[in-house]
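Would you mind keeping the following structure in view while I ask a few things?
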């Protein structure tokens, strides 16, 4: 009968801690994702369409200053800087995550971050009037810092606010808004709208509007209850925030779970990046995050987008219509990421990661074949288009959104900021590296460069299959216990200790002391 009783208790806990999407939780997700993640996506693709007009502006400005045209090599260097300053800024932004979220909170960091975006938007929007291209390059670096912070803080903020049965779905929302940002930039960048000689400064300056909206609304929304309780030690504020987010007064189950997490890591304090990298108890979590982030960026997503225009042209799409096809690919990206929001809680994280990287792997292999044979076999160019679409679907459902969800879930409160700092840095460093190296790879290997991406996807699949656990519908403590077995360390707040945690508050410190000595 003991098993039956345990099962009943467990189901009662699960039932009690199951949360529904409330209006306030939805508003927090939408405002933080629209005000931050949207702009990450927007600035990824905003300079693609107006590139020729911006390069003309660089040339004309240089000519007006010096009386001679710009050397083509110098122009290439300036444009490369314009493109690459964004991921480089993203790397620096990721390095700021740990100190900012610990000292200013999750919400406070997002509010401070908006100042970067608004400043960069004003500078870029007025760059043509001021006759300075240097400001555009500087602003791209500032927007990169903004995106580096946003891409890490928003998933952390939403992951800590969500009930465990909605954490995956809400965790994919930032990626959905990144794809929406890419699509909106592609649409506004059409030649007939703002992607022309007169419209490009407005196109670049529009990025400040979502930040302004977030700056006005976010102060009235609650801070992460986990941050308030575990890091600030303010139980009353944490309870109030949780009650508002859940839309009910009874939040004892979740408060208890947060207390358990708090107790389990009281002795350890906050992890710095160095202590995170050297702590045995988090070794496999850290390796998993690095592998997934490297797989996400080195799987060739930027290369597929780079090749897309050429692939469609070879299939007979007219040059003037290629930009509309690019918009349609952006739309597929949004639709498939939206699908991921709805299926991540039913299928789980592992299935989406394996299916996503699997589709990318197969697409890269077939794309290599199709690109190699398209000059001799006429229908191969159409197969290339199918490969591009399948690749985008694979990346959108698994490789793009899920790694950020996993960082939130695989780490507890004390180590999460440092984990996001490491994961974000790997993300942006790999993004920067691909942008730097791909042109040389493409020149040397041609379509065979996709075989390298295929191999990276395959290696990532193998790692995920053998190492990464399913985290669907589990509390942070439950996930921590699963990973503790992998790390071969003991989590000594065993079941009876946890059950007694609130019943015998006076014994907490004593039990923790015993636990620590065993570890």
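Going from the start of the chain as shown, residues are counted 1 onward.
Keep in mind that glycine also has a Cβ here, set from the backbone N, Cα and C atoms.
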Would you please say which range out of 200-221, 222-243 has the annotation transmembrane segment in TrEMBL?
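Of 200-221, 222-243, TrEMBL gives transmembrane segment for 200-221.
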For which of the residue intervals 480-499, 500-519 does TrEMBL record region 'Disordered'?
500-519
Run the contact check on the transmembrane segment (77-98) against the transmembrane segment (324-344): 3 or more C-beta pairs under 8 Å, excluding pairs closer than 6 in sequence.
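As far as Cβ distances go (cut-off 8 Å, pairs 6 or more apart), the transmembrane segment (77-98) and the transmembrane segment (324-344) do not touch.
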Taking 170-194, 286-308, 324-344 as candidates, which has the most Cβ pairs under 8 Å with the transmembrane segment (418-441)?
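Out of the listed stretches, 286-308 contacts the transmembrane segment (418-441) most.
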Other than its close neighbours in sequence, what residues sit by the transmembrane segment (351-373), given a CB gap under 8 Å and a spacing of at least six beyond its ends?
292, 295, 299-301, 304, 307, 311, 340, 343-344, 380-381, 383-384, 387-388, 390-391, 393-400, 402-403, 446-448, 450-451, 453-454, 457-458, 460-461, 464-465, 468
Among 136-158, 200-221, 447-468, point out the range having the most Cβ pairs under 8 angstroms from the transmembrane segment (110-130).
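Ranked by Cβ pairs under 8 Å, first place goes to 200-221.
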Taking contact to mean 3 or more CB pairs closer than 8 A (sequence separation of 6 or more), are the transmembrane segment (21-42) and the transmembrane segment (200-221) in contact?
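Contact criterion met.
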